Amino acid sequence: MTTTTVAVIYGGNSPEHSISCISAASIMQQMKQYTIIPIGITKDGGWYLGDGDLDKLSQHGRELPTVEPCPGQEVALLLDPQRSGTIVFTAGDHAGQTVATVDVILPVLHGPNGEDGTIQGLFELAGVPYVGCGVAASANSMDKEFTKVVLGNAGLPIGTQVVMRPGTDNLSSAQQELLGLPVFVKPARGGSSIGISKVSDWDDFSAAVVAARDCDSKVIVEAAIKGREVECGVLELPTGEVVASHIAEIRIPDAAPSTADDGDPEDSDFYDFDTKYLDDVIDVDLPAQVPAETSDRVRELACQAFRAIDGKGLARVDFFITAEGPVINEINTFPGFTSISMYPKMWADSGLSYPDLIATLIDTELSRHQS
């Protein structure tokens with residue numbers, strides 16, 4: 001029987017480069033039934049054929065992996081729909097020769113230049129099937145301003161935010177009053193909590209803006225929401241049905257476990273990059289210990305948010321559960337797939353194993369393309 005050939009693309013010109021590598025290694029370990037063409041993108045944008053050594057893409061303690069240039073292994077995807085999925089060498093003795101013709105691309109890319117619609121546009125021009133959201137859904141979900149515009153227009157519950165465009169360094173007194181304290185200062189387009197600061201005193205605001213602008217010229221300032229932080233996975237099936245996973249709650253051990261539907265963000269630490277990936281200090285309740293009606297409402301809203309952005313394939317939707325009900329925080333159109341990432345864990349808890357999850361993603365895209 002002919003096996004499906006999948007190009008797994010990872011790395012990229014993004015602050016989340018290393019997390020992408022770790023996610024890709026984790027995914028490829030689960031793809032025993034596929035022919036894999038690994039393609040690494042360096043931090044400066046070079047495409048190289050990987051050698052299949054997953055250990056080089058894995059995390060070792062606090063040491064994070066990167067894609068390094070490999071002369072003679074430069075590759076490119078042909079932008080020719082008549083030769084859909086054709087990958088060729090672009091340098092060295094094999095320049096111009098075909099590496100493989102893939103059936104589908106699995107872009108395991110996080111953040112700008114990978115999860116923001118740019119590479120999805122490349123795949124569209126090449127006429128090749130790819131797993132995950134399309135150009136518009138990816139772009140709108142990457143930009144926190146436009147995510148809330150889309151969700152708000154769909155009548156979904158969202159928090160309060162102020163957008164700071166280039167050339168704006170401070171908030172007006174009216175904006176400060178609207179947001180209150182604390183606030184979270186974030187790059188508009190980014191993930192993995194990179195460049196995000198929690199500000200509890202306006203005297204610290206300028207430094208937080210500078211940190212965010214190291215990642216993005218546009219900055220989002222969000223009002224803190226009193227609530228429990230939960231996540232929900234959304235998955236599109238080959239039939240086109242959209243389903244939601246069990247929900248998970250993220251807790252910082254220093255903060256006492258929540259016992260009510262609302263909590264105080266000032267009573268817990270900030271769930272930043274180090275906490276997520278390096279310090280191994282978070283606690284996870286999976287499934288989240290919330291009333292059944294609350295869980296059902298979160299799952300319903302997650303699917304509604306996915307449809308609102310015109311999602312495809314998969315997404316993770318993050319919420320705060322407040323005294324007034326769930327509030328959507330953000331949507332991640334290609335969530336992490338590391339060993340500690342919640343998306344595959346939530347689906348495993350829902351009865352879908354990691355290999356079957358990957359197979360579903362691939363089968364869904366192939367079914368869409370064939371139809």
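Each Cβ is built from the backbone N, Cα and C atoms, and glycine gets one as well.
Whatever TrEMBL says is automated annotation, not expert-curated.
Just so you know, the Cβ of Glu16 (active site) picks up 23 other Cβ atoms within 10 Å once every protein chain is counted. Glu16 (active site) falls within neither a helix nor a strand when secondary structure is assigned with DSSP, and so counts as coil. Annotated active site per TrEMBL: Glu16 (among others), in sequence order.
Summarising the annotation, TrEMBL assigns ATP binding site to Lys144, 184-186, 192-193, 222-229, 329-330. Using a 10 Å Cβ-Cβ cutoff, Asn329 (ATP binding site) registers 21 neighbours. When secondary structure is read from DSSP and collapsed to three states, Asn329 (ATP binding site) falls in the strand class.
Annotation comment: TrEMBL describes 148-363 as domain 'ATP-grasp'.
Under the heading active site, TrEMBL lists Ser192 (among others).
Residues near Asp318 (Mg(2+) 1 binding site) in space but far in sequence (CB under 8 A, at least 6 apart, same chain), listed by position: Glu229, Val230, Glu231, Ile328, Asn329, Glu330, Ile331, Asn332. Taken from TrEMBL, the feature Mg(2+) 1 binding site covers Asp318, Glu330.
The Mg(2+) 2 binding site feature in TrEMBL is assigned to Glu330, Asn332.
Classification of Ser341 (active site) by DSSP places it in coil, neither helical nor stranded. TrEMBL lists Ser341 (among others) with the feature active site.
Rounded to the nearest whole angstrom, the C-alpha distance between Arg228 (ATP binding site) and Ser341 (active site) is 18. Following the DSSP three-state reduction, the secondary structure of Lys226 (ATP binding site) is coil. Shown are the binding-site residues Lys144, Lys226, Arg228; of these, the residue with the fewest other Cβ atoms within 10 Å is Lys226.
For Glu330 (Mg(2+) 1 binding site), the Cβ neighbour count at a 10 Å cut-off comes to 21, with all displayed protein chains included. The highest number of surrounding Cβ atoms within 10 Å, among the recorded positions Asn332, Ser341, is found at Asn332. When the neighbouring Cβ atoms lying within 10 Å are counted for each of the binding-site residues (Val185, Ala224), the highest count belongs to Val185.
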